[in-house]
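According to Swiss-Prot, the protein carries these features:
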type: BINDING; residues: Gly165, Glu180, Lys181, Ser199; note: alpha-D-glucose 1-phosphate binding site
type: REGION; residues: 408-435; note: region 'Disordered'
Amino acid sequence: MSSTKNVLAIVMAGGEGSRLHPLTAERCKPAVPFNGKHRIVDFVLSNLVNSEIYSIYLLVQYKSQSLIEHIRQSWTMTRFIPQHFVTVVPPQMRNGPEWFQGTADSVYQNIHLIESFKPDIVAVFGADHIYRMDVRQMIDFHVKNDAHVSVATLPVKLADCNQFGIVETDDNHRIVDFVEKPQTPPRPMPGSSTHALASMGNYLFNADILLDALREAHETGHSDFGKHILPAMLKSHRLMAYDFDTNTIPGTEPYEEHGYWRDVGTIDAYYQAHFDTLGATPRFRMTNRHWPIYASPDQAESAQIENGVIHRSVVGSGSIVDGASLDNAMLRRSVVVERDARLEHCIVMERSRIGRGAQVRRAIIDQDNDIPAHERIGFDLEADRKRFHVTASGIVVVPRQFFKPQSLQSTTPSIGRARPSVASASEGSGLKVAA
């Protein structure tokens, strides 16, 4: 059914990500690294491509250079099939010297792209979440129900409703109310006293309906899908709620959390989502050959491990672990961990070094940091707050280049008997190397 429809995807990747500061001090939210070699934006793009949706515009805005470079290096599709593309679209200011004023305004400012492509359906998706989704199943639902607009939904706790667009439906999944980030708890969803139905920020529009709605919203000064466009369409159009819980992904293991979806818009949520991917039976398995999450081509050498103990950790390519201890650690590419250093529940980003005897726990080390020998981070939070960002739950974030790196290349420790890590170490399963 859905294969007969011409689908254009528009991914809204302009989010500033202020709640992820300082990780977003130099990059936009979709460009923030995730796991051993991915960025957050890779999840929505992989879902679209795996769903055989190959015509994708990526709308960017804030601090977008690293995202643009990532797309150029990782998501360049064939030049010989015109409708296969992932194209970055910065603000064009076609309607005046203004940046995007909201989600709907970002699409309106690029309305010419929709008009020239002439799709049947426009998929307007966010770029801020960790999940797998077969978008074709949502398209089938959209077509089967003669929907003008379909909104992907899932249950959230009532206490968290002020972070989401909340929908109310009738018995046939038609949306009868839509409130963006309500300040008072909404009515629970049918069959639950503790949860309401929330929008995932993923929408399907019939193209003609979307074009009319965007033009009308522009005339009235409305700029946001959740705040303005969707509530205004309730009486005049058929809006349907797609139940994300019904979405099935091939290759999902029985131990994985069904319908895993995480909004990683805060440091705490971002940190926890990493550890959902670790271990032999993770909540969310990064490797699935039937539904891969694509990453940039890896030109680095294999990781090298000499002695030390590694438990339930990821060691990125080009990294060196020399007689150190890793417990629930996530090392991205080209990280060096020197002898007698210890990392516990840590995320360490590219080209960082953990000096000899340093101890770090419950921390995120942004890229290009040279942690001094015998440094202690995460053990005295009051002292850490004077230097770093520390969340209410005690997660320490060391900003990019806080510890100015010296020449990482010239001081890389020599490992005469270095061994490449086994593949599973860089893909998320635990690895223990005995001394």
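Glycine is treated like the rest: Cβ placed from N, Cα and C.
Close to the recorded alpha-D-glucose 1-phosphate site, the chain also has Phe164, Ile166, Phe178, Val179, Pro182, Ala198, Gly226, Lys227: residues not among Gly165, Glu180, Lys181, Ser199 whose Cβ is within 8 Å of the site's Cβ mean position.
Around the Cβ of Lys181 (alpha-D-glucose 1-phosphate binding site), the number of neighbouring Cβ atoms within 10 Å comes to 13. Of all the Cβ atoms in the protein chains shown, 23 others lie within 10 Å of the Cβ of Ser199 (alpha-D-glucose 1-phosphate binding site). Residues Gly165, Glu180, Lys181, Ser199 are recorded as binding alpha-D-glucose 1-phosphate; their most distant pair of Cα atoms lies 10 Å apart. If you draw a 10 Å sphere around the CB of Glu180 (alpha-D-glucose 1-phosphate binding site), it holds 16 other CB atoms from the protein chains shown.
Under DSSP, Lys181 (alpha-D-glucose 1-phosphate binding site) is assigned to coil, being neither helix nor strand in the three-state scheme.
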